[in-house]
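Taken straight from Swiss-Prot:
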BINDING   S107, V108, R109, K188, H221, G222, K223, R227  ATP binding site
REGION    205-241  region 'RNA-binding'
ACT_SITE  H225  active site, for NTPase and RTPase activities
Amino acid sequence: MAELACFCYPHLENDSYKFIPFNSLAIKCMLTAKVDKKDQDKFYNSIIYGIAPPPQFKKRYNTNDNSRGMNYETPMFNKVAVLICEALNSIKVTQSDVASVLSRVVSVRHLENLVLRRENHQDVLFHSKELLLKSVLIAIGHSKEIETTATAEGGEIVFQNAAFTMWRLTYLEHKLMPILDQNFIEYKITVNEDKPVSESHVKELIAELRWQYNKFAVITHGKGHYRVVKYSSVANHADRVYATFKSNNKNGNMLEFNLLDQRIIWQNWYAFTSSMKQGNTLDVCKRLLFQKMKRESNPFKGLSTDRKMDEVSQVGI
């Protein structure tokens, strides 16, 4: 995750702003600079290489002292920054909005995946600039539309029916912020269209999840899509979701947190996110993740719980 101010800076033109991507040498200069405390939140002028991000975001970049940040010296950083600028320059951002826009926390990996989709000649985003920009505006939280299959970050499709598409995420192969844990495995489920889904299509998805992904929890980050994650990583997801929710509220980015379909979401996660929306503390909310929940009655008649062992997936064991 990183703020949009880590990728670009605003330049006032007439009554709105044009956004310009940072170059890696300007960032490198900022990372070595001594800056007064009172100037930590201001864009840094490297003199030689142009404007750099505010020093308060130093931890967002990979350095000798911080290996968890972005690999900003890779070509992928520039591609992501340029893509963000293209999207922001396609809309009008006024002086009253610019600070709020640049403070938005976005998924770096999501944006890298959109770059990969853009570069794939077989992908619809390669052929449609309009759909590409729409996908980016959704990814950076500017659009109120949800991420559907056409505008999704992408990955490897492992399941699809008339209503849903399930993707295996390819973060292990990323350049900007790769997942380093080689045991990482995670999926995302997007709706093919933002409209009501028939019960039969929900039933098909639940059956697929129950038999092929029985070692995973279905959760949501509140953005209109589902994530299918290992139970061992649920607490980590909870920390991130809670932090992003609080940050967005603090900065005035009051995007609606979408709880999604309770029949699909893991019961404990639904309880966690509901509690978070009510304004409870992280500790209070997280307790619900480890609490034994009363088992819901089967919402679908005919969805059997009987299955032969050789038909049950061992993925995630």
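Each residue, glycine too, has its Cβ placed from N, Cα and C.
Features per Swiss-Prot, on structure.
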residue: S107; record: ATP binding site; DSSP class: coil
residue: K188; record: ATP binding site; DSSP class: strand
residue: H221; record: ATP binding site; DSSP class: coil
residue: R227; record: ATP binding site; DSSP class: strand
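For the pair S107 (ATP binding site) and H225 (active site, for NTPase and RTPase activities), the C-alpha distance works out to 14 angstrom. The binding-site residues recorded for this entry are V108, R109, K188, and the Cα of K188 lies nearest to that of the residue listed as 'active site, for NTPase and RTPase activities'. If you take every residue in the region 'RNA-binding' (205-241) and average the pLDDT, you get 96. The Cβ of H225 (active site, for NTPase and RTPase activities) has 22 neighbouring Cβ atoms from other residues within 10 Å, across all protein chains displayed.
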